[in-house]
Amino acid sequence: MKTGRKKRFNFSNIYSFKCGKRSFKDDDHSRIGGPGFSRVVYCNEPDGLDASLRYYATNYVRTTKYTAATFLPKSLFEQFRRVANFYFLVTGILSFTSLAPYSAESAIVPLIVVIGATMAKEGIEDWRRKQQDIEVNNRKVKIHESDGKFKETEWKNLKVGHIVKVEKDEFFPADLLLLSSSYDDAVCYVETTNLDGETNLKLKQALEPTSFLTESDIKNFWAVVKCEDPNANLYTFIGSMELEGQQHPLSPQQLLLRDSKLRNTDHIYGAVIFTGHDTKVIQNSTKPPSKRSKIEKKTDRIVYLLFAVLFLIAFIGSVFFGILTKRDLEGRQRRWYLRPDNAKIFYDPKRAPIAAVYHFLTALLLYSYLIPISLYVSIELVKVLQSIFINHDVHMYYEETDKPARARTSNLNEELGQVDTILSDKTGTLTCNSMEFIKCSVAGTRYGHGVTEVEKAVAKREGSLLNGKDEIDSPKTNRPFIKGFNFDDERIMNGNWVNEPYSEVVQKFFRLLATCHTAIPDIDEKTGRVMYEAESPDEAAFVIAAREIGFEFFKRTQKNIFVKELNPVSGKIAERSFELLNVLEFDSSRKRMSVIVRDEGQLLLLCKGADSVMFERLSKNGREYEEETREHVNEYADAGLRTLILAYRELGEEEYKEFVEKISEAKNSVSADRETLIDEVTDEIEKDLILLGATAVEDKLQQGVPECIDKLAQAGIKLWVLTGDKMETAINIGYACSLLRQGMRQITITLDTPEILALEKMDEKDAIAKASKQSVLRQITEGKSQIAKSSSDAFAVIIDGKSLVYALHDDIKNLFLELAIGCASVICCRSSPKQKALVTRLVKEGTKRTTLAIGDGANDVGMLQEADIGIGISGVEGMQAVMSSDIAIAQFRFLERLLLVHGHWCYRRISSMICYFFYKNVTFGFTLFLYEAHASFSGQPAYNDWFLSLYNVFFTSLPVIAMGVFDQDVSARFCLKFPLLYQEGVQNVLFSWRRIIGWMLNGVISAFIIFFFCTKALNPSAFNKSGKIAEYQILGATMYTCVVWVVNCQMALAISYFTLIQHVFIWGGILIWYLFLLIYGSMPRKISTTAYKVFVESLAPTPSFYVVTFFVVISALVPYFVYKSVQMRFYPMYHGMIQWIRYEGRSDDPEYCNMVRQRSIKTTTVGFTARSLARTSPLQDCSSNNKENRR
């Protein structure tokens, strides 16, 4: 291979991901070629003989669920997996036999309509995915041809081994191995927003042997890559490259992932390693856990119940039919018209048992109308429309980021109205995750006069002044607002730091902030001001703080960091260059980050990290300010601030040389313990540090968080906060956001006891574990005793991460849960992502109530997927939480409207819709059963075939869909004004078995009234003036008319909020029935059969038809009127009370108002201050307003 045209240089050994070693030991390489590491890539020979023997995926990506060939069979299979649909398929098939009491067409058409509608919906959704696939697969990329030139082609044509050229702001078309870039040191910057949602740029670097490749060199380049098989882990990659006879280890820092974007780099050259469905982004595109709402699951059980009723009445009818048929043989029935002496098997008295079996099958077909065929498709349609309302709610639109609420699934709409417990992340969820540098401690001296929101909340709670600073909301200067910087202290600003007693320490402190990071400077062309792209908001705040104090980081190269700072001697701004030698990157286990730099010949290790790991790394001579700094850090934690400790040490040349050898060997290892080896080496050098001070940044609460939490508490919803913060910080944030309140008794569970600390010093792990478990168990037991003794008080439990480990043990977790659910608030501190998911699972499975998890970061994904409902905050930590969520919102405060308004509405709408669905089908189905009993169970249906078929599809389905979309028992304003209304969903009062059975009984009563009134009114006398008797066709049409009227009028009575659409659907459904009867009856007798001319000649001219219809409808609705009147007067539901006071203005009825107030304070799990707000004052205010309005 040619050396290339690029100038050679000493390839830097800076980053912890650097692979600079040209060979490695055989034992390190042993995993390559073994199980899971069998992939071999021939770079620049994608069509060679060796490559052709390996069958790797093409780069064509398909995200569709179906293909043209599989759509019909696969979609039909999905539809008929539902028991109800499969049942209707069986009845449709049986309708082609002589067993059917109706024509096959009338049975098949409704099934085709329902199944066809669902298949059309899925087909449209899949077509949209297909269009996206076409757009992605046809994107252009430049690939290297055999003639040495790069030619443009589509992504779908890429093969493993191709060499591609990707230019600035283009997406990577496959998983590529970085060979070289436009930078001399072969680095490139990558944006991975599409992968993990993180917006910060990531640095990648090629291997030294390929770093000099240019376009002209690619023609002669050839290498073999052996690496891991395709997998979903975005952050690992193990492999080796064989180049010119030498092996070179590969790491994740040489891997460029598909769908990430090249930024701040003119171009790169890369070899295709994984294509298509083998790429890591596609491997990660698995579907999240399937979630079904509790109402949906309960609906399935109701359907099974109806199936049981169907089989029961079919069996009863068949038994009676068999008895009656047998009696024909004895001449006791005298059904001479059935010709019992020469009957078919269906009516043969000699074979009565067999006739009964056949009748049972006929009855199953006839009574199938008890099962609502359009139920599931109607529910799906309603949920989709409800989701549209959620997505377009302007009250949940965040203008600052241009992000509305987005329901990513419509399956859980009604679940939003039944949430019992919310489990929330803190940073970025309750807070803005927009860090502001507000205070610091340098050389044992506090700097910064700002007052945090937590300090204000504490002062307000204690009724005290903030040391005379209670009026300080922001720095008292005229300088413009600077994002990330809210610091004010003239002692060190504007160059005044040079006058401080410890000015050298101040200088080192802010130099460390200006150099110990991975931020990238970017100069704004308009203002000329240096801006920064950092890996985290904290890091950005540190660099900005250093700039504002006078240490401006303005340029970075691969080997140097450049800072402008004040020269204390000359008093002028001077540029200072730091040679960057190593970056020891931050991770959650190390809890620190370091850089090694050379400053004017002096080797320095600069380190920043959490107090829990930094203080123990200080040297004896480096603890001069430890006592003061610890005190300040605790004060900052009490103020709700996030703190980091800053320290440094000087390195000797020999010590550094030894470190470089060890870190290179550790980084170049491809063994399973590579990360452990690196940690051991970095741990060895990050010691004997000299303390400089501590930083304090404020993560402010999001707008409206305290008010939202208070309102949710009034609604009876319990809130758990799962945070990684220290206990002191979490408690004070709890007060600031109204999670903890004045007078609330705290139960603190911690392992920071003298006994445990003593054991930790002795490092006796078994003794520590045993003592810790006993301590946690004892504290939980004591907490439960406190609650039992003071049941009227409100409690909060606060537990740290160490204690939580033991609290989640199988033999303790149920006790912990019992303690927690007895408290109004729960805070879990120092929680890991795994603990968040485990706590969520414990609450969900232990309480059997609906849980909602809300978070904004990748560490919240497990919690979101474990909860019944996952809410993702589209904040600054990326979109990974959003991509794993069920619903996405931009701010925590929108949760109030999402739950109390949309959640309550969706719960009520779906519950009422399903109950009404079963009501109208029970009404219809039981009229069929009663007519069967009246006709000696002959199998003759009361209604015409098409009457039966179109009942659920046209005459009664649209009103119920309108109810599920538009109905409101209480307006949005009153949902928020009376938050306790939300408990109707939590306690499931609108979809309890009592209410469901009540609606079914209402249907049975309606069926009895319709049948007996019609039969008694029409049978005894002539039907019209010409003396015509009401035959079964007339009776059936009259009964059907009454059913349509009754169920639609019942719908009108059940609706609380009428819209024009509901009027059109309800009264239009009745009108359509009459039009259908007129048009269908006018068709030839062969088509209209029993409905021929029935309306024109028999029903329309006859007054008794209208009289019977009128009195039957009134009589059928009377039971519902009576029930509602009694309930409203003596057993009102909460929404009924609000409706009555709001719309009727019953302020002049003291007895009723007193009853309402008593009902409004019924026992519920509401936060302690909530009861006083949710009891009588809103009702009294409303009553007063109504009284004034009436005046």
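Start at 1 and count along the chain as shown; that gives each residue its number.
Yeah, the Cβs are placed from backbone N, Cα and C, and that goes for glycine too.
Automated prediction, rather than curation, is the source of TrEMBL annotations.
Values in this document were obtained by computation on a predicted structure and should not be read as measured data.
Taken verbatim from TrEMBL:
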- Asp425: active site, 4-aspartylphosphate intermediate (ACT_SITE)
- Asp425, Thr427, Asp856, Asp860: Mg(2+) binding site (BINDING)
- Asp425, Lys426, Thr427, Glu539, Phe586, Lys608, Arg642, Thr723, Gly724, Asp725, Arg830, Lys836, Asn859, Asp860: ATP binding site (BINDING)
- 41-106: domain 'P-type ATPase N-terminal' (DOMAIN)
- 882-1132: domain 'P-type ATPase C-terminal' (DOMAIN)
- 83-101: transmembrane segment (TRANSMEM)
- 107-124: transmembrane segment (TRANSMEM)
- 302-324: transmembrane segment (TRANSMEM)
- 356-377: transmembrane segment (TRANSMEM)
- 917-934: transmembrane segment (TRANSMEM)
- 946-966: transmembrane segment (TRANSMEM)
- 996-1018: transmembrane segment (TRANSMEM)
- 1038-1057: transmembrane segment (TRANSMEM)
- 1064-1083: transmembrane segment (TRANSMEM)
- 1103-1123: transmembrane segment (TRANSMEM)
Using the residues the record lists for ATP (Asp425, Lys426, Thr427, Glu539, Phe586, Lys608, Arg642, Thr723, Gly724, Asp725, Arg830, Lys836, Asn859, Asp860), what whole-number Å value is the largest Cα to Cα distance?
27
Stretch among 107-124, 302-324, 946-966, 1038-1057, 1103-1123 sharing the most Cβ pairs under 8 Å with the transmembrane segment (1064-1083):
946-966
Which binding-site residues are spatial neighbours of the residue listed as 'active site, 4-aspartylphosphate intermediate' here, meaning Cα within 10 Å, out of Phe586, Arg642, Asp856?
Asp856
Contact between the transmembrane segment (996-1018) and the transmembrane segment (1038-1057) (at least 3 Cβ pairs under 8 Å, separation 6+):
yes
Find the one among the binding-site residues Phe586, Arg642, Gly724, Arg830 whose C-alpha lies closest to that of Asp860 (Mg(2+) binding site).
Gly724
If you measure from the Cα of Asp856 (Mg(2+) binding site), which of the binding-site residues Phe586, Arg642, Gly724, Arg830 is the nearest?
Gly724
Integer Cα-Cα distance in angstrom, Asn859 (ATP binding site) to Thr427 (Mg(2+) binding site):
11
I'd like to know if the transmembrane segment (107-124) touches the transmembrane segment (917-934) in this structure, counting it as a touch only when three or more C-beta pairs sit under 8 Å and are separated by 6 or more positions.
no
Six or more residues beyond either end and a Cβ under 8 Å away: which residues meet both conditions relative to the transmembrane segment (356-377)?
82, 84-85, 87-88, 91, 94-95, 99-102, 107, 110-111, 114, 117-118, 299, 303, 306-307, 309-311, 313-315, 317-319, 321-322, 325, 345-346, 914, 917-918, 920-922, 924-926, 928-929, 932, 937, 939, 941, 948, 951-953, 957
As a test of the contact definition, list every same-chain residue at least 6 positions from Arg830 (ATP binding site) whose Cβ is closer than 8 Å to its Cβ.
Thr723, Gly724, Asp725, Lys726, Met727, Asp800, Gly801, Lys802, Leu804
Among all chains shown, work out which of the recorded positions Asp425, Phe586 has the most CB atoms within 10 A of its CB.
Asp425
Residue counts in helix (H, G, I), strand (E, B) and coil for the domain 'P-type ATPase N-terminal' (41-106), per DSSP?
28 helix, 3 strand, 35 coil
List of residues, in chain order, with Cβ under 8 A from that of Thr427 (Mg(2+) binding site) and at least 6 apart:
Asn433, Asp699, Thr723, Gly724, Asp725, Asp856, Gly857
Any idea what DSSP makes of Arg642 (ATP binding site), helix, strand or coil?
strand
Assigned conformation of Thr427 (Mg(2+) binding site) - DSSP reduced to three states:
coil
Starting from the Cβ of Asp856 (Mg(2+) binding site), draw a 10 Å sphere and report how many other Cβ atoms land inside it.
32
Note down the number of other Cβ atoms within 10 Å of the Cβ of Gly724 (ATP binding site), including every protein chain shown.
20
What is the pLDDT of the domain 'P-type ATPase N-terminal' (41-106) when averaged and given as a whole number?
84
Cβ-Cβ distance under 8 Å to Arg642 (ATP binding site), same chain, at least six residues away:
Met435, Asp538, Ala696, Val697, Glu698, Asp699, Asp725, Thr729
